[in-house]
Structures are given as structure tokens and as C-alpha cells.
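Here is the structure we will look at.
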Amino acid sequence: MSPDELVYLGILAASIPVGFLFRYLSPPVKQGAALLLGLSVAIVTCQIHTLHSLVTVIGTWIIIKISWRHAPALSLGWSFLYLLFFRLVTWFGLPAPTPFANAIQLLLTLKMVSLANEVNSFHMEKKKDVSSFAKSPVIGGLSQVPSLYDMLSYSYCYAGIMTGPFFRFQTYVDWLQQPSPQTLPGWGPCLQRMKLVPLYGALFISVNSVFPLAYVRTDEFLDENFFFRYFYMIAVFFVFRMRFYAAWCGAEAGFITAGLGCYPEKALSKPGGGPTVNYSPDPSADETYDFKTIQNIDCYNTDFCVKVRHGMRYWNMTVQWWLHHYIYPNAPFRAYALRAGWTMFISAYWHGLHVGYYLSFLTIPLCIAAESAMESSVRARLGPSGQNIFDWVHWFLKMRSYDYMCMGFVLLKASDTIHYWASIYFSMHIIAIACIIIGRVLKGGKKEGRRVEKEDKKEGEKTENVTTGEKTD
């Protein structure tokens, strides 16, 4: 493991026991302590580069103060433009930010855009004079406009400051105002979330040592046979998944011990967004709680769901919620495929400026178009047993598609990504295009094709997956 990875590991490990201490603090003390701890972590790891995040917060606060009505669009433009400046600071003779500063800036960008939207919703609801608005702070909008101190406290809250998961300002306020945090579940769900982390970590370290990414960039790699080169991307994506499975499960455990994101099951919480229905906490009732609001990964379904579009649903789930709510609906296109492509482009930009991100993310719409074409033209004509076989083949190709796209995500450079894809003859691009052509030739019945398309659009309305408009887990 690199020195930076060891620092991340240390921060994650420390956040788990520290979380229990926050359950015994009063709301004002909890707010101040979480800010002080998070800001200390930022200053120690980022040093002078902490100013980037501070400027972003103050800029968003000014935008909200000046024009709450246009705050969602202005905050998105401000935070994303500053993200561009942040990544190009060396052009202006400034020192390059640390990887820790980059991690904080990424999550802060999500928080500031979300907060601007929450404030906008607060004012819009206030204008409607909804009588129940002030009586239901648990769900829906804010009860008041946050102060600069509130914004700083939310921005630098120690929980997930570098690793996520993303959470809304209202989720943060609910955490501060929990009536009896000591009585909320802690050890049980924490151990449940952590039980496979040692395995994920061991697999990450061991497989990464056997299949180092750097080997792909060497000339010797091309001397290997095709099947070895093809298998290599499977190993690389496996290492990639194990790394994030361990990190995100560990980060969630830190939230769980603090009680952040804990809601009654009847609130029907969604990752990133929190409760989706109005509910009344009943102290006398024997409530069952969950931490779905801060769930960022569903390891099993990431590996074993069948479709490419569904694979997005279970990965980085809180960020998927953010993309669906603030990017997908506001895309400058009406066509579903173009809106999905736009969302993938914004997601790539948020991750960074490396061309590999764009090559990977913009391959997703192609894969989705391919699987939709085959579903309407082939699967729809099969019987139950044939559909079962089709789904297994579909799952295999889904995993290979993500293996393929992962190479662009980790290699980063356009030359390295294309160099690798060329070494396996752009196989997944060719398969995807072939599936689309086959689907067009077979046509599968225009009526059935329209039915599949309508089902995809309905999924987009009901769920929050970015690529389909589906809600992320």
C-alpha cells in the first residue's frame, strides 16, 4: 500500500471508535466537535490547500445570500468552475494540491450544490405557505436557512470528509438533533458492515501484487498472448472493486457508530437522499432503524446484477442519487440516450480531467443501447429457459464491459487506455456495436422494442440510477 493509502486507512480506522463518542454530545457540542475534528484532518493532510475548500464554501454562501432563486444553477457553475481551476492551479504558478485536498474538494462540490438546492426548496415552500412545512423538519425541506457557521460545520464534518458517503445538509441537521442517539443501533450494524472488510483488503493486496497495473503500460505486456491480455482487465477490475468495497464499507461503519444517517425503516430512506416519506418519530414505540441513507455500495448486487444499467445502481450509490437529482433532470437534451450520455460526461468531469475517465464513462451509453437492443430483439422471443440462459450470457458480458471500462478509469491517459483496448482489439466496443446492429436487423417486433424502451423510462422515473434515471441504491 502507498503512503497515501495508509493515511486514508488510518483516518477510516480512527473514525469508527470516535463515532461512538459523538453519541454522548449535545447538539451544539456535537456540531462544533465534528467541525473541529474534520477541519483538523483537512489542515493536517492538505495544509495550505485547505484554502481551496474554504473558498468554495464561502463562494457558495455568497451565492445563496445574493440569489437563493438562482442558487442551484449558480452554485453548480461556481463549484464546477472552481473544480477546473483547482485541477489547473499549476498553470497559474501555484503548487499542485495533495490527493487529500482533491478528495475533500470532490465531496465538497456535491455538498455545496445539494445545499443550494435545499435552500432554494426551502424558500419555494415558504412562498407556498404550506402550513405543515414548519411542523415536519424530519422530512422534506429545511426549517431555516443555514448560517455560514452551519455551512462550514456541514462542509468540514469529520464523517466521510475524504471518503464519503455523500449526505444532504438535512441529514446532517437530523443527526445533530437526534433525541436519544445512545439508544440507536450501533455495534450490530457496524460489525455487519465490517465483517467482510478484512477479506476485501486481503484480496486487494494479494491480487494487486500479482497483477500490477503498471505492467499494462510496458512493451512486454504486448508480447503476452491475447487471452492473458484479456484476462488482465478482469484482474484489474477485481482489484479495483476490492479496494473500494473495503474503503466504502469502512467509511459506512464510521457513520454507523456516530449514528449519522440513522432513520426508522418506515421512513423508506434512499442512499444520499434520506427519508422519502413523511413519518413521525415515536419515542414510545419499538422502532426498527436502518442506515440506508449513507449506504454507498451493495457489493453482492454490484457483482451479480445482470444489466449494465443496473450495475450503476449499486456502485457509489450516494453519488448516483446526486447525479440523478441535480444533473440528469437538467440535461440540455430531451432524448433519453443523450441525457444519459450528458450525465456520464458530467460524472467524468467530476472525477477529473484525464481522458480515460471520459472514454470509460461515455462507453456506458453504448453498452446500455446494446443490451436494450438485444433484450427487445432476442430475449423477448425466448421462453423461460432460453431467457435464463440469455441472462447468464448477459451477466457475463456486463462484467466484461465493466472490466473493459475500468481500464480507462485506472490508466487515465488516453494513450494508455487506447493502447490497452487495442491490445484486445477493442473487443467490447465491437461486441456492443454488433449487438446494436443485430437488434436493428432482427427488429424483434417494433411493438416489443417500444415496450422495452417504455419500461426503461419508467425505471428512470421510479429509481435513481444515473444512466437510466433509476434511483441508486
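Just so it is clear, glycine is given a Cβ too, placed from its N, Cα and C backbone atoms.
Note: TrEMBL annotation is automatic and uncurated.
Taken from TrEMBL, the feature transmembrane segment applies to 7-25, 37-64, 76-94, 197-215, 227-246, 356-374, 418-442. Taken from TrEMBL, the feature region 'Disordered' applies to 446-473.
Beyond the ends of the transmembrane segment (356-374), by six or more residues, the same chain brings 307-309, 312, 337, 340-341, 344-345, 347-349, 394, 397-398, 401, 404-414, 416-418, 428-429, 431-433, 435-436, 438-440, 452-453, 456, 467-468 to within a C-beta distance below 8 angstroms of the stretch. With Cβ pairs under 8 Å as the measure, the transmembrane segment (197-215) is packed most heavily against 227-246, out of 37-64, 76-94, 227-246, 418-442. Ranked by the number of CB pairs under 8 Å to the transmembrane segment (227-246), the listed stretches 37-64, 76-94, 418-442 are led by 418-442. Tertiary neighbourhood of the transmembrane segment (76-94): same-chain residues 52, 55-56, 59-60, 63, 102, 105-106, 108-109, 112-113, 116, 326, 349-350, 352-353, selected by CB-CB distance under 8 Å and a gap of 6+ residues from either end.
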